[in-house]
Amino acid sequence: MGPAMFMAFRLWNWLLLLAVLTRSEATSYVNESSNPTAQQAPDARFAASSSDPDEGISVFELDYDYVQIPYEVTLWILLASLAKIGFHLYHRLPHLMPESCLLIIVGALVGGIIFGTHHKSPPVMDSSIYFLYLLPPIVLESGYFMPTRPFFENIGSILWWAGLGALINAFGIGLSLYFICQIKAFGLGDINLLHNLLFGSLISAVDPVAVLAVFEEARVNEQLYMMIFGEALLNDGISVVLYNILIAFTKMHKFEDIEAVDILAGCARFVIVGCGGVFFGIIFGFISAFITRFTQNISAIEPLIVFMFSYLSYLAAETLYLSGILAITACAVTMKKYVEENVSQTSYTTIKYFMKMLSSVSETLIFIFMGVSTIGKNHEWNWAFICFTLLFCQIWRAISVFTLFYVSNQFRTFPFSIKDQFIIFYSGVRGAGSFSLAFLLPLSLFPRKKLFVTATLVVTYFTVFFQGITIGPLVRYLDVRKTNKKESINEELHSRLMDHLKAGIEDVCGQWSHYQVRDKFKKFDHRYLRKILIRRNLPKSSIVSLYKKLEMKQAIEMVETGILSSVASPTPYQSERIQGIKRLSPEDVESMRDILTRSMYQVRQRTLSYNKYNLKPQTSEKQAKEILIRRQNTLRESMRKGQSLPWGKPAGTKNFRYLSFPYSNPQAARREARAAEPTDDDGTDSGFQPLMFSIHSRAGSLQERRQTQAVIPMKRLQRGEKALSFSYRSNTSWEDQAGWRRMDVLRPKPLFYAVAEEYDSGEQTEEETSAILSRWTAEHRHSTEHHKSHSPLLHRK
């Protein structure tokens with residue numbers, strides 16, 4: 001079924017081609033037989049129909065001139081679209097060669113037919129068509145769908161490689177070819193230095209679109225992918241700026257000599273053109289984001305605002321002789337960040353696919369016209385110039401790659417390996433940019449323009465067909481380091497947490513890196529820009545908003561891939577139940593927020609900055625003390641309410657634990673000591689009679705309990721032992737002891753007969769009493785030491 005459909009689409013291509021040729025012949029016939037005034041005014045056809053009153057109404061007329069330009073453009077776009085459809089019908093073909101190879105082949109076949117039938121190809125490309133209509137959609141799509149975070153994490157290496165690498169390649173190739181042209185045997189003496197430098201600037205413009213497709217399929221590591229992507233994004237802009245400056249030098253050199261001041265002015269213009277283009281793009285991006293803030297009720301015009309303002313940034317920059325490519329790139333990156341949060345989901349889908357469609361159509365037309373231009377008489381062949389051009393392109397790319405990355409690896413945490421550098425060198429595929437710049441050279445300034453076009457076509461064909469086809473097997477053969485699996489929402493959230501943590505650590509250590517810059521920009525963005533440019537500035541956490549955005553993105557991807565196609569929609573009952581939920585009014589929400597603010601405990605905030613020079617040393621100590629006091633107050637309140645514990649254990653459980661106390665609770669031991677009942681014949685030689693506890697009676701008076709507590713230390717003092725801290729309250733002040741005693745008075749005591757049944761005898765011997773007191777002393781010594789070692793206040797200086 002696949003080959004049959006492929007042949008059917010190929011047949012449609014030939015029929016469309018015959019229709020184009022037939023219309024071209026009809027054009028010549030109509031031009032000879034029609035009224036000459038029809039070519040002078042746009043409404044000549046209507047004037048001609050009413051000029052002769054004796055002429056009757058014709059049933060059938062042919063006026064191809066009236067629809068020639070849109071008709072031919074539509075046929076070319078349709079031919080390119082059918083070629084892409086036929087290319088993807090055969091599933092093995094996209095894995096064998098890039099899509100650009102097929103488009104060039106189709107264009108070469110169409111060009112051969114046009115050349116064989118002695119017809120002139122339609123003017124698909126000239127200076128205004130390329131720079132004003134074909135190039136902006138390609139650059140806009142690349143900038144809008146650029147992965148922002150990896151790009152700005154590697155922005156230093158990308159600018160170092162894309163900027164300086166383009167200059168090294170341009171001047172290296174130009175100077176090398178100039179020395180070759182000085183050899184008289186090659187017959188290239190009429191090509192001066194400026195012409196060679198201009199050719200070097202246009203031939204250094206790379207177009208690794210096919211390489212990026214191979215990288216996405218092979219899932220190479222993120223650093224390697226971003227270096228190629230950044231080169232594809234910025235290299236065209238730098239090459240076009242250098243191309244325009246050298247054309248201006250060529251025009252100047254035709255009438256006067258170039259001085260050192262002119263060279264300095266050219267360097268200054270190079271910087272101003274690039275920075276000015278970026279500034280214009282950011283300004284237009286902010287304006288478009290601000291306008292989309294008010295389009296919630298008219299979402300149909302949101303895609304129009306995005307496309308019009310991006311195109312206006314390009315035109316405004318070109319009006320002031322700035323870089324339109326860098327302007328539309330900066331505008332796309334700015335709109336991606338802010339406009340997406342203002343537009344609806346339907347508008348976002350429309351923007352996404354319409355932008356990809358325009359970019360695909362532009363690239364397809366350029367590649368097809370490249371194939372059409374291959375067959376013709378506008379070529380000049382010189383073996384020396386073409387072969388040395390191909391050789392110097394490879395040599396200078398290798399020099400620039402291995403030299404610049406050797407320097408950048410000295411400052412990178414994760415350096416590029418030799419395999420990565422070789423893949424970057426092999427990815428220098430020339431494409432539509434180089435051919436378009438060569439084709440648009442003015443013939444009056446460059447008499448050897450045909451030679452430049454031929455050399456550009458040879459380099460483009462070699463890199464697209466040879467390097468573009470073999471890059472995939474080479475990546476698999478070298479086993480280039482692959483990227484990890486796609487980050488989940490949890491990993492993305494934790495990466496943001498680590499960014500904040502690293503920024504704080506760097507500030508404390510006095511270091512400075514991109515984490516600090518990113519953190520400061522986020523603060524400025526959240527404080528000023530988002531309040532002005534974003535429609536709904538809700539006071540919610542950035543992590544919550546990021547989670548919502550990632551969830552929405554993941555759901556859209558699942559729907560687009562068909563994963564959710566089999567999932568059933570919610571039942572009508574569920575939808576009615578959801579709709580029937582009462583929504584809270586803003587007043588109710590505000591009152592709930594006030595209640596929670598007053599009632600909930602809020603830990604005092606830490607100092608806002610992490611700077612080591614203004615960090616207060618006593619803040620954390622006060623916080624710890626305050627939290628400990630609050631926990632003790634909570635414990636006292638719970639003990640005043642009775643012995644019923646909140647987690648459902650019986651009142652006499654021994655080993656329960658509060659947060660502010662050590663693990664061995666001294667209160668349980670004190671209850672055991674109070675439960676002990678000494679006998680009358682105790683034999684003790686102390687100066688008082690110890691109190692007797694009745695197991696079935698409740699607690700005695702306050703004076704009796706104080707005397708009972710004083711028995712224990714007096715016994716140990718008489719034995720000659722060293723006085724120690726026997727209870728938890730011995731480490732507290734007099735006021736705290738008074739508080740504990742007041743608490744003991746108010747606290748209800750448990751019924752001892754409900755706790756233990758082994759005390760029903762009502763009597764105990766002296767040995768049993770001594771054993772109980774010894775066990776109570778050991779437990780209190782252990783609990784006191786444990787409390788001292790774990791107290792947060794005792795460890796601070």
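Cβ from N, Cα, C; glycine included.
The annotation topological domain 'Cytoplasmic' is assigned in Swiss-Prot to 1-13 (among others) on the grounds of sequence analysis.
The intramembrane segment feature in Swiss-Prot is assigned to 14-28 (among others).
In the predicted model, residues of the topological domain 'Cytoplasmic' (29-69) average a pLDDT of 58. Annotation comment: Swiss-Prot describes 29-69 (among others) as topological domain 'Cytoplasmic'.
Feature annotation from Swiss-Prot assigns region 'Disordered' to 32-52 (among others).
Annotation source Swiss-Prot lists intramembrane segment at 70-90 (among others), citing sequence analysis.
According to Swiss-Prot, the feature topological domain 'Cytoplasmic' maps to 91-94 (among others).
Taken from Swiss-Prot, the feature transmembrane segment applies to 95-114 (among others), supported by sequence analysis.
Summarising the annotation, Swiss-Prot assigns topological domain 'Extracellular' to 115-127 (among others) and lists sequence analysis as the type of evidence.
Only residues 6 or more beyond the boundaries of the transmembrane segment (128-148), in the same chain, are considered here, and those with a CB under 8 A from a CB of the stretch are 226, 229, 232-233, 236-237, 310-311, 314-315, 318, 324-325, 328-333, 335-337, 352, 355-356, 358-359, 361-363, 365-366, 436, 440. Sequence annotations record features per position, and here Swiss-Prot assigns transmembrane segment to 128-148 (among others) based on sequence analysis.
What Swiss-Prot lists as topological domain 'Cytoplasmic' is 149-154 (among others), and the listing cites sequence analysis. Here the topological domain 'Cytoplasmic' (149-154) has, by DSSP, the following mix of helix, strand and coil residues: 5 helix, 0 strand, 1 coil.
Marked as transmembrane segment by Swiss-Prot on the basis of sequence analysis: 155-175 (among others).
Feature annotation from Swiss-Prot assigns topological domain 'Extracellular' to 176-194 (among others); the stated evidence is sequence analysis. Distant neighbours of the topological domain 'Extracellular' (176-194): 200, 246, 249-250, 253, 382, 384-385, 388-389, 392, 395-396, 447-448; these residues of the same chain sit at least 6 beyond its ends, with a Cβ under 8 Å from one of its Cβ atoms.
According to Swiss-Prot, the transmembrane segment annotation covers 195-215 (among others), on the basis of sequence analysis.
Secondary structure of the topological domain 'Cytoplasmic' (216-226), assigned with DSSP and counted as helix (H, G, I), strand (E, B) and coil, comes to 8 helix, 1 strand, 2 coil. Residues or ranges marked as topological domain 'Cytoplasmic' by Swiss-Prot: 216-226 (among others).
Counting residues 6+ beyond its ends, the transmembrane segment (227-247) has Cβ neighbours under 8 Å at 139, 142-143, 146-147, 151, 154, 157-159, 161-163, 165-167, 170, 194, 197-198, 201-202, 204-209, 211-212, 215, 266, 269-270, 273-274, 277, 321, 323, 325-326, 329, 416, 424, 427, 433, 437, 442, 445 in the same chain. Annotation comment: Swiss-Prot describes 227-247 (among others) as transmembrane segment, evidence class sequence analysis.
Feature annotation from Swiss-Prot assigns topological domain 'Extracellular' to 248-270 (among others); the stated evidence is sequence analysis. Residues of the topological domain 'Extracellular' (248-270) grouped by DSSP class, helix first, strand second and coil last, total 19 helix, 0 strand, 4 coil.
The DSSP breakdown of the topological domain 'Cytoplasmic' (374-384) into helical (H, G, I), extended (E, B) and coil residues amounts to 3 helix, 0 strand, 8 coil.
Of the Cβ pairs linking the transmembrane segment (385-405) with the transmembrane segment (155-175) and spaced 6 or more residues apart, 3 or more are under 8 Å, so the two regions touch. Residues 222-223, 225-227, 229-230, 514, 518 of the same chain lie 6+ residues outside the topological domain 'Cytoplasmic' (149-154) yet bring a C-beta within less than 8 angstroms of a C-beta in it.
Counting only same-chain residues 6+ beyond the ends of the transmembrane segment (271-291), those with a CB under 8 A from a CB of the stretch are 237-238, 241, 244, 305-306, 309-310, 312-313, 316-317, 320-335, 338-339, 342, 532-534.
Within its own chain, the topological domain 'Cytoplasmic' (374-384) has Cβ neighbours under 8 Å at 104, 107-108, 111-112, 114-115, 121, 180, 183, 186-188, 448, 450-451, 453-454, 457, counting only residues six or more beyond its boundaries. Under DSSP, residues within the topological domain 'Extracellular' (326-352) fall into helix, strand and coil as 25 helix, 0 strand, 2 coil. DSSP labels the residues of the topological domain 'Extracellular' (176-194) in these numbers: 11 helix, 0 strand, 8 coil. Residues 339, 342-344, 346-347, 350-351, 354, 533-535 of the same chain lie 6+ residues outside the topological domain 'Cytoplasmic' (292-304) yet bring a C-beta within less than 8 angstroms of a C-beta in it. The number of other Cβ atoms within 10 Å of the Cβ belonging to N342 (N-linked glycosylation site), over all protein chains shown, comes to 25.
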